[in-house]
Amino acid sequence: MVLKVFFPSCCSSAESGILIGRWIPEQSSAVILAVVHFPFIPVQVKQYLREVQQVTNVNISVLGSWNNSKQEKEESLSEFLEDLGMIFSHEPWIQISKEGDSKFWNCSTLQKQSDNHREEEIILVYYDQRKVMLSHLHPPLDTADLGAEDASKLSAIFNTVASSKVLFMTDRYDDGPIKMTHWQSDGVEASIIVELMKQASVPACMLLTFLLSLVSGVCNSRVLKFWPLSFLWSKLSTCEQLGHRLQHLQVISSSKKAQNQTQLMRKANIFVSLLIDVALGILLMSWLYRKNQIGHLADTLIPVADHVAEELQDLLQWLMGAPAGLKMNRALDQVLGRFFLYHIHLWISYIHLMSPFIEMILWYVGLSACLGLTVALCILSDIIALLTFHIYCFYVYGARLYCLKIYGLSSLWRLFRGKKWNVLRQRVDSCSYDLDQLFIGTLLFTILLFLLPTTALYYLVFTLLRLLVVVVQGLIHLLVDLIDSLPLYSVILRFCRSYRLAAGVKFRVLEQKDGKPLRLLMQINPLSYGNVVQTYRLPTYSCYPKDSWASLCKKLFLGELIYPWKHKGEKQE
C-alpha cells in the first residue's frame with residue numbers, strides 16, 4: 001500500500017529534529033504538523049504531546065525524524081535520528097532527509113519488526129499549513145457524487161490541521177523547553193485592530209441585547225395583537241421587514257458562541273448585510289434631503305396621481321362605448337362604468353384632500369431610510385399599494401362578478417346534464433330535475449351567458465392593471481430579498497481569500513525520479529461563486545406567495561383573487 005506523507009512547506013528549511021503529527025491508519029497517511037528541534041528531552045516531548053492531545057482530542061505523536069544536512073553535517077546524525085525510533089515507539093518510523101540544495105529528498109520508513117528501509121511506495125505531499133488551517137472544506141453538494149469518499153478523506157487531513165491550533169500558538173520566542181517550526185514559529189499571527197474590536201464588542205452586544213429586549217417586549221405586547229393593528233402588522237411589507245431585521249439583530253447580538261463554521265458564517269453574513277443595507281439607506285437619505293428632493297417628489301406626486309386618474313376615466317369611457325367594435329350589454333355596461341367612475345371621483349377627492357400633508361409625510365418617511373435601504377424599499381412598496389388602492393378595488397369588483405358568473409354557468413351546465421355538486425362528499429352526483437327547474441335553469445343560464453362578455457371585458461382590463469402594479473411591487477421585493485439573502489461576507493471572502501472556502505484540492509507534480517519519492521504540491525480549489533451563494537444564502541421572509549404558473553393561470557381564468565401577500569411566518573428558503 002502506498003504511504004502518503006503530508007509535509008508542511010514552511011518546515012522545508014527547518015533545522016534537524018523529530019516530526020510530530022497524526023498518523024491516519026485507514027488512509028496510510030501521515031500528517032506532519034511541526035518539527036521539534038534539538039536539544040530536547042524525550043520525556044518533556046511526550047508530556048507536551050499528552051497535554052496537546054487532551055486539549056485538541058487529536059492523536060498527536062512523534063512520527064519520525066527530519067534531517068536537514070545543510071545545517072547538520074555530522075555523519076553520525078542519521079544514525080542518531082534512526083535510534084530515536086527506539087525511544088518514540090511508532091510504527092512505521094518515517095525518515096525524511098534533505099541534502100543541501102538538492103531538489104530531491106530522501107524519504108524512507110523503518111519497520112522495527114523487519115528492521116529494513118523501504119524507499120518505494122512513498123508519496124511526499126507538500127501543503128500550505130496556514131491556508132489549510134484557515135480554510136473550511138465544504139462537502140460536495142451532490143451527496144451521490146463519487147467524490148464524496150475522497151472528500152471525507154481530505155476532511156480528515158483538514159480537520160487534523162484545524163484542530164491543532166493550540167500546537168501553533170508557541171513560537172521561537174517562548175521560554176519553553178521545546179522549540180518547534182510551524183507556520184507561526186516566527187510569531188503568532190494577530191491584529192491589534194481585531195483584538196480591540198473583540199474587546200469593544202462585548203459591552204456593545206450587551207447594550208444592543210438590552211435595547212432589543214425592550215423593542216421585542218413592545219412588539220409582543222397585547223396592544224399589537226388586537227385588530228386592526230395585528231392585521232396591518234401581518235400584511236404591510238414594512239412591518240414584515242422590520243420584524244425580519246429585528247431577528248437578524250438578535251442573532252448578531254447573541255452572547256452564544258457559534259458552534260461550527262456554518263453558524264459563524266451566518267452571523268458574519270448577517271452583520272455585513274445589515275452594515276451595507278444601512279450604508280445604502282444613509283446614502284439614499286442624504287440624497288433625499290439634499291437640494292429639497294423631497295419637495296420635488298411631493299410636487300410631482302399629485303400631478304402623476306391626477307394623470308393616472310384621468311387615464312382611468314378615459315379607459316372607462318372607452319369601455320362604456322363600443323371597445324374594439326365589440327357589442328356589449330349597454331345597461332350593464334353603463335352601470336359598471338358609472339360605478340367605477342364614481343370610485344375614481346372619490347379617489348381624486350381623497351388625494352387632493354391629502355395634498356397639503358404629502359410633503360410632511362414624505363419628509364418623515366425619508367428618515368426611515370436610516371434603518372436600511374430595504375426598509376425604504378418596503379415603504380415605497382406600501383405607498384404604491386396605497387396609491388393604487390382604487391385599481392385594487394376595481395380588480396376585486398370585476399373578479400367577484402366574473403367569478404360569480406363562471407361558477408353560476410358551471411353549476412347550471414351540470415343541471416342540463418342531470419348532475420349536481422354533492423357538498424358533503426365533494427363530488428358530482430347524478431340528479432333528476434323537474435320541468436320547472438329546467439326552465440328556470442335555462443333562463444338563468446341564458447342571462448348569465450349573454451352578460452358574461454361585458455363582465456369578462458371589465459375583469460380583463462382591471463386584471464391587467466392589477467398585474468402591472470403587482471409586477472412593480474414584485475420587482476421591489478425581489479431587490480429586497482436579494483439584499484436580505486445575498487451572503488455578501490462569503491462572496492467578499494471568496495474574492496479576497498479564496499482558500500478560506502475550499503471545495504477540494506488539486507495536486508501538482510514537483511519532481512519525479514527513479515529511486516526517489518514522488519513529490520506533489522497540494523493546492524486548494526476554491527468554492528465557485530454559485531456554490532458560495534447556494535451554500536451560505538440567508539433565509540428570507542418574502543411577502544409574496546410563490547404560485548406556479550399553472551396555478552396562477554387557473555386563478556385568473558376562474559376569477560379567483562390574487563392576493564399580494566401571504567400569511568406571516570411562512571419562511572422562504
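Glycine is no exception: its Cβ is also placed from the backbone N, Cα and C atoms.
Quick caveat, the model's predicted, so the values are computed rather than measured.
The transmembrane segment annotation in TrEMBL covers 200-219 (among others).
Under the heading transmembrane segment, TrEMBL lists 270-289 (among others).
The transmembrane segment annotation in TrEMBL covers 335-354 (among others). If one looks beyond the transmembrane segment (335-354) by at least 6 residues along the same chain, the residues whose Cβ comes under 8 Å of a Cβ in the stretch are 302, 305-306, 309, 312-313, 316-317, 319-320, 389-390, 393-394, 397, 454-455, 458.
According to TrEMBL, the feature transmembrane segment maps to 361-388 (among others). For the transmembrane segment (361-388), the list of distant contacts is 236-238, 240-242, 245, 274, 277-278, 280-282, 284-285, 288-289, 294, 297-298, 301, 305, 469, 472-473, 476-477, 479-480, 483-484, 564: same-chain residues at least six beyond its ends, Cβ to Cβ under 8 Å.
Per TrEMBL, the feature transmembrane segment maps to 394-416 (among others).
Among the features that TrEMBL reports, transmembrane segment is placed at 437-461 (among others).
Look at TrEMBL and you will find 467-492 (among others) tagged as transmembrane segment.
Non-local neighbours of the transmembrane segment (437-461) in the same chain are 315, 319, 323, 326, 328-329, 332-333, 336, 340, 398-399, 401-402, 405, 408-409, 412-413, 415-416, 559; each lies 6+ residues outside the stretch with a CB under 8 Å from one of its CB atoms.
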